[in-house]
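If you look up Swiss-Prot, you'll see 4-24, 27-47, 83-103, 104-124, 128-148, 150-170, 199-219, 222-242, 260-280 marked as transmembrane segment, on the strength of sequence analysis.
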Amino acid sequence: MNGAAYLSIIRPVNAVVAGLAGILASIIATGSIPAEFFWIFCIVLTITGAGNVINDYYDKEIDAINQPDRPIPSGQIIPGHALMYAILLFLIGNGIAILFTPLPLAGIAMGNSVILWLYASFLKKTPLIGNISVSYLAASIFLFGGAIQGTQGIISVFPIAGATWGVMLARELIKDAEDMPGDNEHGARTFPLLYGIRATIYLALISATAGVLMSLLLYSRWGAFYLGAIILVDAIILFGAIRGMKATNSEEMIKAKSSKILKAGMFASLLVFLLSAVLL
């Protein structure tokens, strides 16, 4: 058994960062470091790792061409063993959630596990639904944080999750618009390839606007300081979404740097959420 291969296939850096993001989300949701922070880290890390493994399992034919050095196509891990490894990691992550955290958090963990499996197996190839799935998984990290306080906690962080989902979906769509030539060459069925770059940009703007509106709902929770800070961040996000409006092809979309601006806006909003949760 190649231990290094089994470690690398979970994308350890990616999984650890996701686990730390889970702790950060719980701080934003509760205003302090919860007693269950270690379990949150373990749950997010193992389920993220499982998602990475199952993704490699279903992508093994593509990776044999594009990423032949990865553990499965290189022969370091047998596909069947990778499948069992993914199942084991999913069971560990969900087992920890069931045993050591509130039921709502365990429910989210199980739901996310199902979505990760469905995404790897076929949703990633489904126009828009795949984008929605990825965006939800990113936003659900805040639902994890809120779920520490039960159902009421989930409700309290819903605007944060909604704002993250909206902006993340906008960025996913814009990235697909940037990647149209490569996706077309590989036979992908992305939203921009099916419905055109203009429809994609308009949908991204609508999604980003929805995210911005959701972020404003938190004014009642954190007050005027938060509102002033988030309006500045929201302006960056809307600027990023609008900046690509004149693009007629992928090259112009890349030059507009919309996805990079949206990414900067997302990181800035995360900082505002964190400071508001801790200080206000």
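Glycine too: its Cβ is placed from the backbone N, Cα and C atoms.
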Practice item. Quickly jot the same-chain residues contacting the transmembrane segment (128-148) by Cβ under 8 Å, restricted to those at least six beyond its ends, or write none. Key: 18, 21-22, 24-30, 34, 36, 40, 43-44, 101-102, 104-105, 107-109, 112, 115-116, 118-119, 154-158, 160-162, 164-166, 168-169, 172-173, 176, 191
Review point. Among the recorded stretches 104-124, 150-170, 222-242, 260-280, which has the greatest number of Cβ pairs closer than 8 Å to the transmembrane segment (27-47)?
Key: 260-280
Review point. Any residues 6+ beyond the ends of the transmembrane segment (4-24) with a Cβ under 8 Å from its own?
Key: 33, 37, 40-46, 48-50, 52-53, 56, 70-72, 76-77, 82, 85, 89, 141, 144-145, 270, 274
**Study point:** Among 83-103, 104-124, 150-170, 260-280, stretch most in contact with the transmembrane segment (222-242) (C-beta, under 8 angstroms)
**Key:** 260-280
**Study point:** Remote residues contacting the transmembrane segment (199-219) - C-beta distance under 8 A, at least 6 residues beyond either end
**Key:** 159-160, 162-171, 173-174, 176-177, 191-192, 226-227, 230-231, 233-234, 237-238, 240-242, 244-245, 247, 253, 258, 262, 269, 273, 276
Check your understanding: Between the stretches 83-103, 104-124, 260-280, which one has more Cβ pairs under 8 Å with the transmembrane segment (150-170) than any other?
Key -> 260-280
Check your understanding: Mind checking which residues reach the transmembrane segment (83-103)? Cβ under 8 Å, same chain, six or more beyond either end.
Key -> 6, 9-10, 36, 39-40, 42-47, 49-50, 53-54, 57, 77, 109-110, 113, 117, 147-150
Study note, to complete from the structure: For the transmembrane segment (104-124), the distant same-chain contacts (Cβ-Cβ under 8 Å, at least six residues beyond its ends) come to 40, 43, 47, 50-51, 54-55, 57-59, 90, 93-94, 97-98, 130, 133-134, 136-137, 140, 143-144, 147-148, 150-151, 153-154
